[in-house]
Each structure stands twice: as structure tokens, then as C-alpha cells.
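Written below as C-alpha cells is the structure these notes are about.
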Amino acid sequence: MTLPAPPLRLLLIEDDEDDFLIIRDLLREAGNLHYVLDWVDSFERGRCAIDSGVHDLYLIDNRLGSDSGLELVRHASARSMHQPLILLTGQDDSELDARALELGASDYLVKGQFDGRLLGRSIRYALERASARERLGRSDSRAALLQRCLEASYNGVVIVDAQAPDQPIIYANPAFERITGYREEEILGRNCRFLQGNQPYQPALEEIRRSLAEQREVHVVLRNFRKDGSAFWNDLYIAPVPDERGVVTHYVGVQNDISERKRFESELAYNASHDVLTGLPNRSLLEDRLLQGCQIARRYSRELAVMLIDLDGFKPINDTFGHAVGDKVLVEVAQRMGAQIRPGDTLARLGGDEFVVLLPDLAHGEDVLLVAERLIRSISRPYHLNELELHVTASIGITLSDGEIEQPMKLIQQADLAMYQAKQHGRNNYQWYTEHLNQEVSERMTLRNELQKAIAGMSFELHYQPQIDTRSGLVIGSEALLRWPHAERGMISPLRFIPVAEDTGQIIPISQWVLDTACRHNRQLLDRGLARGAISVNISAVHFLRSNFIETVRRALDSSGLPANLLELEITESVLLKNAERAIYLLHELKKIGVGLALDDFGTGYSSLSYLKDLPIDKVKIDRSFVQELISDPRDAAITQGIISMAHHLDLKVVAEGVETPEQAAFLERNQCDAFQGFLYARPMPFAELEGYLQRQAALAMAGH
Ligand SMILES: Nc1nc2c(ncn2[C@@H]2O[C@H](COP(=O)(O)O[C@H]3[C@@H](O)[C@H](n4cnc5c(=O)[nH]c(N)nc54)O[C@@H]3COP(=O)(O)O)[C@@H](O)[C@H]2O)c(=O)[nH]1
């Protein structure tokens, strides 16, 4: 329900009551006018009523006592009143008429010369004109406001004339000027295409053309060019502007320079797929390339090669010279490798010192070897950084594929296995992946899990193999040898499980158990009067180089009560290869405790012999590989003779391992070897058997044999 319009409030300012009555009556005749008439009879009251502004129209008599109604008109104009005023006079005076209109009166009526109908019409016209004026005023200020908004807008705004030929620009706001560098007067009258520079074939432009042809709005991001020629990313929204008949007269374009946002987005995308240090593709991009590589290899019947490159000797550089130097080496390694591959190949960094090279398009698989050799050569050249000369080499694992592989990332795993083999083969070389490697790895995994269970229950045994003095034939010590009796697989050789335990760190609890048990056993022999010299314990390089190794030896001796001279530790040359300086220091510390020290597997390592004179050792053990061929191979005989002679000159005792035949024993004896160990004398035996063996030996010795 709509409410009826309220009546017009009219005010008559008239000091003559008769005139008031006449006007009141005339108004009643006016017709079609819904109103309430108020009356005031003096200039002063009239002014107060005008100031209150509650009326819709004022009828003002020109003569108000000594005051003039014209003054009230002036007063109302000065207050910018929008309600209309009609001046009533007693006489027709054209000058007064003009003056009244000039001061803002809507009409001028001469008393006695108008009837009710004329008065009504004059009132309606006055009201209509006032309302039109007000509407106009409102729209003027709205236009001014919109203009100011456009000028203050952060977005660039450009308006083009849709009707004029070539649709020229008719307006551009200050933000447009800021973004493009063009001043408005430079571009007025031109078509916007000058912003396209030399890139008029962008897909976004096609979309704009289509939407203009269909007179619909469009939102695109396109490359535009500033006045200075520099490019920017323009986020542009164009809308058609129709007139009241629906005819599109203009287009308004609102634009924003989003170059910074684009740069940030592409930086994010780049960082998500590249290694920050070297700028090389990272694992995630490598996965994509690998997929693509497999597709290429399949489609064009080519070979895809994957190489996993791991640096040798990088960790000590990081540890010794700090990460800043390490980082520089990695960057240079990346550059050197990058120079060895072709465009289309991929060099990626997996992290740390691990890199991957993908060669997706090989005619023959073996072609990868040329690249592998180049990589190895280029990486092994010295690195000159901060007056340092540093050296690293690379171990490379290689695998080949024809692209027919369900999970391409498996190729990385295969290359990784092969790389591990390269490390095992002395580093600075490459190895191929084979299916056999795969089996080996899965076996290692199984072994590792089962080893963990064995460690939990310490279900190992120690066997002992006596060492015999060459001259007297008496037992002068025994070597403790670890055994793992497995419920299903029988006795597992330490040759099989110790390398796994060393890789996984499981060797530490095992090695500790061996040390403690061997010390306890020899103490038991001592207590029973059966101890014959020291028990030798093989010490893994991993355990030996642990920071608390000396402490663990001390504890083993203390808790068993075994005198230090009845314990001998056997270390291999590999300990010296890993960290010679620390190894020599530790050997001296052990010597201070009083334990015996032997160098095991002597002659099989690759290190320099010169370190031998600095080692506080008591013995060297000739590896059984030489002993086995002594008789058949004169070269092994010569090496054995050389070892014995050199050891004696350094005041070291010599024990020959793996003596199986009397001929070997005779040869060794002739060449002054000090002691034998081998099946010819005794196989490794459980502790319980050793006791019996030693008792028998003691009895024989007593009997003078
Ligand atoms: N870190 C540790 N290493 C250990 C430990 N126990 C053993 N090992 C090392 O495992 C390798 C294999 O040992 P094993 O199978 O026990 O073989 C030893 C002897 O049984 C064998 N041997 C002795 N005499 C003969 C012989 O006449 N012929 C022949 N074919 N083999 C013989 O030699 C091995 C002794 O080797 P070595 O230690 O080099 O003296 C081996 O490298 C062990 O060192 C352990 O507790 N910790």
C-alpha cells in the first residue's frame, strides 16, 4: 500500500488580513492543488519562517509595513534556499518584476490581476522549476564526484568513442598516465593499439577483437608497452557503455600493471622446480623430464640414459672449510658438468652432493660412457677457491632404458644402486646397473632387518682361532671371530653381514658386544690358568673412529678385569684411509692403555707404506690371499718375503693368516715368519672347545712336544 503524498505547505507572508482572506479564497479555487496554508503577518515572522525552512513555497507580499517583501526574497537567496518564492505586489511595476526574478523569485503576481486558476498554475510551475533545478544540481555534483573518483583511482581508466572511426581515446585518467608513461594529450584521438608495441599477435588481442565485435565485456592479461618501450603485464577489463537506447557509444577499459605480481609468480614457479644454490632443475622438475625422456625414447626408439653422480670427498671439504666453500665447490661442479652435456639433456641436483644427468636421446646406450668419462675428468680437475686448492672426484651409477618403464623414477633408484657399486669399487669411476644389483639390494634389506632382530637378542657367538708360534709350536694368542647362527639360513658369514652392519651403523652394538665378550672369555681362561697370550678382536673402522672408542675399550677391560696386555686389537688399513691423522692419534692412546695392536689384512690396502713407521703397532698380519698362492705364484712369495723383511726392519712381529698346508708353513718358517694362523693348526672354534684345545695344548707342552 502506498501512502498518499503529504499536502504542500504554503506560507503567506502578508500584513493585511483582508488580502490574506482573498488569497486564501483564491487558493481554494486553484483546483488540483493539495495544500495547507499558513499565514504570518509581519516581515520579522516571515523571516523566521523562511529560516525554519519547513514550507514548500512562500507567497510574499511586497509591502510589509515599512519593510519590503523583496528584502525577504534577497534574504532567502542569500541562504541558498531551494523552495520557490512568489512575490505579490499591489501594482504592476516591470522594474520591480525584473528585480524580483533577478533576486531569485519564481514569479511576480499583481494583486487583483490574477484569479485562483492563475495563482494555482504559478504555484505549480514554481514548484516544478525548483524541483528540476534541484535534480540538475544533484546530477552536476554526481558528475563532478565521478570525475574526481576516476582521477583518484589506482586503476588506469581509458574511455574510447565506439561510434567514431577507429574508436579513438577520449579520456585517460592519471593512473593510466602513470602506468603507460603517456600524457593524456599525447593519446587523445588515437586508437589503443599503440600499447601493443611489436607484439600484435598475442592470443589476448584476439579475444579483445572478438568481444568488441560482439559488443560484450572481456577480461584479459596481455603484454603492453610503455612510452619508454619497456614491456608490462596489463590486467585489462573492457566493458561496452550503451546509451539509454542500448546503443554502445563508448568502451571503458580498466587496467592494472601486474608485472610485479607476474614476476613474483614466475619466481615462485622457478623456485619450486629449481635448486636455489646451483639454479639446476630439482627433483620435482627432474621427474617431469624423466617422464618426457621416456616418452621420447619410446616414440623414436632411442635409448634413455640416467646417471647418478655422487661426489667423493665432498663432506670433508664442508666439514673442514665450512659450508660457504662447500657451496662454491658445488656450484663449480654444476657448471663443469653443465658444460659436458648437450641442449636437450638434463642436469639436475637431487640435494647435497648428488646430481643426476638425463640423456634422453641416445642412438646407442654405450654412448653414455663418453659423457660419463668426460664428467669424471672434468669434476676431478682441482678447484681453486680462496687460495685453496681442493680436490673432489665423482662416483657415477648408470642405467639405461628404452622408455618402456612403468615408474620412471625407478631409473633413479637403479642409477643410485649402481653409484653405490662405484663407491665400493674405490670411487672416481662409473658402474652400470644390473638386475643382479637389485637382488643384492633386496637381500641386503632383508639381512638388515634380520640383523636388527639378532642385535635385539644378541644372538651371536664368538669363535676363536689360535695363533701358533713358528719356532715353539705353542699357542701365543687367539683371534675372536664373530658368528651369526641363523635359525633358517644356518651360520651366516661375517663377510656377508658385517658390511651391511657397517653401512647401517648396526656394527656399533655388535662390535661392542664382541669386545666385551672377548675380554670376559680371556679373563675366564686366565682364571682357569689357560690364557695363552692375547685375544685379538677385529675392530671395524666405523667403530674405531667413533669419538668414544678409547672409552669403550677401557670399560671392556675394567668390567672384565682383563689385563690390557691380554687384549689385542686388529685394525685394517681402511681405518687409515678414512682418517689417517685421527687413526694414528687413537692408536697412540690405545698403546698408552697397554693393549696390543695388529695391522690386519696387510698388503691388500692401497695406502702408502710410509705411514707404517709412524704407527705404534706390534704386528702385521699377512693376508691369506698371499699365503694361499705362496707356493704356486712366485709373485705372492716375493710379496710375502718383502712384508716379513720390512716388518722385521721396523721391529714388528709377523703373523701369516690362512696357513693351510705344510708347504706354506715351511716356506713361511724359512722366511722367519713369527706366527701362523690357519686350518693347518686349528679352525675357528666355539669358546667351550677352545678351553679343551688349550688344555690339550698345555698338556702337550708339559709333555715336552
Ligand atoms: N669387524 C669385525 N670383523 C670380523 C669379526 N669377526 C670376523 N670378522 C671379519 O670377517 C671376515 C671373515 O671372517 P671369517 O669368516 O671368520 O674368516 C676368518 C677365518 O675363519 C678365516 N680363516 C682362518 N684360517 C683360514 C684358513 O686356513 N683358510 C681359510 N680359507 N680361511 C681361514 O680367515 C678369517 C680371519 O680373517 P682376519 O680377520 O682377516 O684375520 C674377516 O675379514 C674377519 O676379520 C668381528 O668380530 N668384527
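Cβ atoms are placed via backbone N, Cα and C, with glycine included.
Small disclaimer: the values here were computed from a predicted structure and weren't measured.
In TrEMBL this protein carries:
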type: DOMAIN; residues: 9-126; note: domain 'Response regulatory'
type: DOMAIN; residues: 142-191; note: domain 'PAS'
type: DOMAIN; residues: 216-270; note: domain 'PAC'
type: DOMAIN; residues: 302-435; note: domain 'GGDEF'
type: DOMAIN; residues: 444-698; note: domain 'EAL'
type: MOD_RES; residues: Asp61; note: 4-aspartylphosphate
Selected stretch (most C-beta pairs under 8 A with the domain 'PAC' (216-270)) from 9-126, 142-191, 302-435: 142-191
The domain 'GGDEF' (302-435), counted residue by residue under DSSP: helix, strand, coil: 57 helix, 45 strand, 32 coil
Tally of residues which DSSP labels helix, strand or coil - the domain 'Response regulatory' (9-126): 55 helix, 29 strand, 34 coil
